[in-house]
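Pulled from TrEMBL:
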BINDING   99, 101, 106, 146  Mn(2+) binding site
BINDING   101, 106  oxalate binding site
DISULFID  22-37  disulfide bond
DOMAIN    51-198  domain 'Cupin type-1'
SIGNAL    1-18  signal peptide
């Protein structure tokens, strides 16, 4: 009887129609569930195309690396779809320091060069590390600390994908030493001495 009532409701009350997409209305505030949807009348094909991953990032910085994101803020069409992407450029000697993505797992595809990458499990602090060559793919489970290092003498390029339009990012070094915690507290929680903490805070822009 219940399934008959359900079928009748579908036939006579078609207001339960699902949306095909939800292009983000970025002018409003985002939330853990995403951004509000733009009216379909204001959506064009360009909302579903992102061209930034074809442009090399600027690796002239402290880590000799650059990440070009295609997250919801740059690519509104991924809003609500549970995916996003990014380009990773690593100059020789470049490194993406230990970091996490709180809201997504990651899959990395090496397009050129050689990259040593790895992650650390949360249960036993086991490190899983591999040097990847062109064409190799590696996954990094959600929320786990991981890193990438250029393992060759030439620039390396990778394309990464996430199972969230907004994966989030926290870089361990900046979280520890780019903050405004008093140095005494950082020393207590990291077992480093005062001189080391102040040096790292100076390099990474921390205060306190």
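Placement of Cβ uses the backbone N, Cα and C atoms for every residue, glycine included.
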Note: among binding-site residues 99, 101, 146, least Cβ-dense neighbourhood at 10 Å is 99
Listed in sequence order, the residues of the same chain lying six or more positions from residue 106 (Mn(2+) binding site) whose CB sits under 8 Å from its CB are 139, 140, 146, 160, 161, 162, 167
Near Mn(2+): residues not in 99, 101, 106, 146 with Cβ within 8 Å of the site Cβ centroid are 100, 119, 140, 144, 145, 167, 169
Whole-number Å distance separating the Cα atoms of residue 99 (Mn(2+) binding site) and residue 22 (disulfide bond) is 30
One residue among the disulfide-bonded residues 22, 37 has the fewest other C-beta atoms within 10 A of its C-beta, namely 37
Per DSSP, the domain 'Cupin type-1' (51-198) contains 25 helix, 56 strand, 67 coil
